[in-house]
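Chemist: Below is a structure I'd like to ask you about.
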Amino acid sequence: MSRPRLAALPHELRRIITTAIRHHSTTTTSSVSSSEVSHFSALASSWWDPHGPSRILHLMNPLRHQFISRCRNTSSPLTSTHPSTQSPSPSPSSPPHSSRTLKYLDIGCGGGIFAESAARLPNALSVTAIDPTPDVIAVAKGHMRRDPGLAQSGRLQYLNTSIEDLSLLETSAPHESTSTASSNASRTADSKGMDIVSIFEVIEHVNSPNAFLDQCMRHVKPGGWLIGSTIARTMTSYFTTKFMAEDVLRVVPRGTHDWNKYINAEEMRECVARKEGWGEWRVMGVLYVPGVGWREVSKGEEWGNYFFGIRRLQ
């Protein structure tokens, strides 16, 4: 995207662009934003209402699973060298993965829309889901208890914690209780890590995104994936996600997004590509169409919502 001529833009947009430049050079010791915690606390009670303020997230959930499957099914065999971050050609003949082998860590899980659905997958061995907002974790636990089979399986555990406070630990064994798992969060953990670490619609809500990514990437095992979704910082995304989605259509609660915190796909790729031992960058642009739902859009990552994935190679 070419640099906009600031003098030709309305005052409010000039202020936003200038603030965004300052924001991306700022660092803090924690990724947790108190204002974001307050915002999502207010939405907690309606998290599982498919027609409520979180309906966009419910509609996006199938695409989350689709993108994870696409990343895993087109993975190259691990090698001892550090390959390019360019994606390999898809391999439709990739062998299926055996069942109940995958460990998930869902960071910024909210009320548990993705975490709960992941725990029900036939390939899920365990899902650990964390969020710094107590109210939404309470909602997530309450919803899980509505399904006694899931709650008693031990495959899903929720922790009210930030990524900075979570040790690198292997997901608690299926028989461990949530209280035991919470105490484990402070221990030095198993270095094997997770197969899938997800940060869906999270990084645009945190402080210090670079430091946040570093913390997330610590938890991925060799061969595993860091997978997330966010929004490109463009004039188009400001119009669609702020003006239209929040102010006009009201499909997203007002104040949910801060355009200053959006991250372009190329910025994201450059950030993770600098990490030694990582590669196989993936990206998929998506668009929400009112009345239709979320759809994959070619090159959509250049101006709006997108999924991204990066694999730990060593």
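Yeah, the Cβs are placed from backbone N, Cα and C, and that goes for glycine too.
Fair warning: this is a prediction, and the values are worked out from it, not measured in the lab.
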Chemist: To which of Asp131, Asp135, Asp165 does TrEMBL also attribute binding of S-adenosyl-L-methionine at the site defined by Arg64, Gly108, Phe200?
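Modeler: Of Asp131, Asp135, Asp165, Asp131 joins Arg64, Gly108, Phe200 in the S-adenosyl-L-methionine site that TrEMBL records.
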Chemist: List, in sequence order, the residues of the same chain other than Glu201, Glu204, His205 whose Cβ lies within 8 Å of the centroid of the Cβ atoms of the recorded Mg(2+) site.
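Modeler: Near the Mg(2+) site, beyond Glu201, Glu204, His205, sit Gly108, Val202, Ile203, Val206, Thr230, Ile231, His257, Lys261.
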Chemist: Sort out the sequence-distant neighbours of Gly108 (S-adenosyl-L-methionine binding site) for me: same chain, 6+ apart, CB within less than 8 Å of its CB, listed by position.
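Modeler: Set apart from Gly108 (S-adenosyl-L-methionine binding site) by at least 6 residues yet with Cβ under 8 Å, we have Ile130, Asp131, Ile199, Phe200, Glu201, Val202, His205, Val206.
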Chemist: The record names Arg64, Gly108, Asp131, Phe200 as the residues that bind S-adenosyl-L-methionine; what is their largest Cα to Cα distance in Å?
Modeler: 18
Chemist: Rank the binding-site residues Asp131, Glu201, Glu204 by the number of other Cβ atoms within 10 Å of each Cβ and report the first-ranked residue.
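Modeler: Selected residue: Asp131.
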Chemist: Name, in the order they occur in the sequence, the residues of the same chain whose CB lies under 8 A from the CB of Arg64 (S-adenosyl-L-methionine binding site) and which sit 6 or more residues away.
Modeler: Phe114, Ser198, Phe200, Ser229, Phe307
